[in-house]
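TrEMBL annotations:
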- 28-49: transmembrane segment (TRANSMEM)
- 61-82: transmembrane segment (TRANSMEM)
- 102-122: transmembrane segment (TRANSMEM)
- 134-160: transmembrane segment (TRANSMEM)
- 166-186: transmembrane segment (TRANSMEM)
- 207-228: transmembrane segment (TRANSMEM)
- 240-260: transmembrane segment (TRANSMEM)
Amino acid sequence: MMELSNNTFAETLASDEGYGSATSSWDVLKAALCLLCGLANILIIYVIARNSALQTRPNAYLANWCISSCIILILSSTQLGLFGSTEDISYELLCVTEESHYGMIIPNLLFVLVLFLEWYSGSYGRPCCLTSRLGLVAIVALIWTVALIISAASATFCILDMSYPLSLISFNLVYISVFVVIIFVHGLRIIMIKIFNKPPVENKLELVLVTSYFFCWLPNFLLIYGQMFFGFSVSPTLELVTYFCGYAHSFVMLILLYFCDKCFKMHLRDLFGLTEKTPQSILHKEQNTGLL
């Protein structure tokens, strides 16, 4: 990290030159996979938005989590698909896209962290003091504001030909901090159950979602910080594979919501016309429509 920050003002890329793309035709296929993962996120957002029964505080964080994932996947698709078919790429476009990509991963990580901390606080400790709707809006707005400021500042550095990777530095700091906190909270949960005899909570959906996110991104986490702190090198292909393991969590999340959240499953099946037309389901649908 220190080596990265100490060389940030050096002009590592010449702004008046074009840079050839090193990507292959396979990257176009990988970009298509990014778009498919984005569709999974859009489906989750749509199901939550159209059904009032799913519009809870945790699902608000979940929806924003999915929105940030969609933006990340769009930027990744741009890098891998568009740039993969372009022979000459301008410095500014390459820099802005890459820095924006790292900048948008920051809210993704922060929404995961806030969702997990509020679940743990409500299950094993004291509920969050910002439990009101205004508090929810403030948290969401703060996260997006921080991410947009970092991304905008990084884009400005790119346009002004200043090689200062603000988004990359911020991403590295947030990435390692969030993963350390997740591990720490998991440890606290085990201590609460095993030592203080706290009964396991029935609602484990947030725990399952965050844990699955952790393991999907763990290979990428180990690779990045292994390179940073231990200096070992890996092939770009392997690094790309670890990113796609993380992106694949969108499908994992959709599957987990389908099997672990009965309300989400019912509304998702109803969206595709798979719900059985029982009197109870018809009444529930009419009540839900009236609430909207």
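Any Cβ shown, glycine's included, is placed from N, Cα and C.
Annotations in TrEMBL come from automatic prediction, not curation.
Against the transmembrane segment (207-228), stretch 240-260 shows more Cβ pairs under 8 Å than any other of 28-49, 61-82, 102-122, 240-260. Most Cβ pairs under 8 Å with the transmembrane segment (28-49) belong to 61-82, among the candidate stretches 61-82, 134-160, 240-260. Here the transmembrane segment (240-260) has Cβ contacts under 8 Å with residues 30, 33-34, 37-38, 40-41, 43-44, 66, 69, 72-73, 76, 204-205, 208-209, 212-213, 216-217, 219-220, 223, 268 of the same chain, all six or more residues outside its ends. Within the same chain, residues 23, 27-28, 30-32, 34-35, 37-38, 41-42, 44-45, 48-49, 97-98, 100-101, 104-105, 107-108, 111-112, 114-115, 118, 140, 143-144, 147, 209, 243, 247, 250, 253 sit at least 6 positions outside the transmembrane segment (61-82) and bring their C-beta atoms closer than 8 Å to a C-beta of that stretch.
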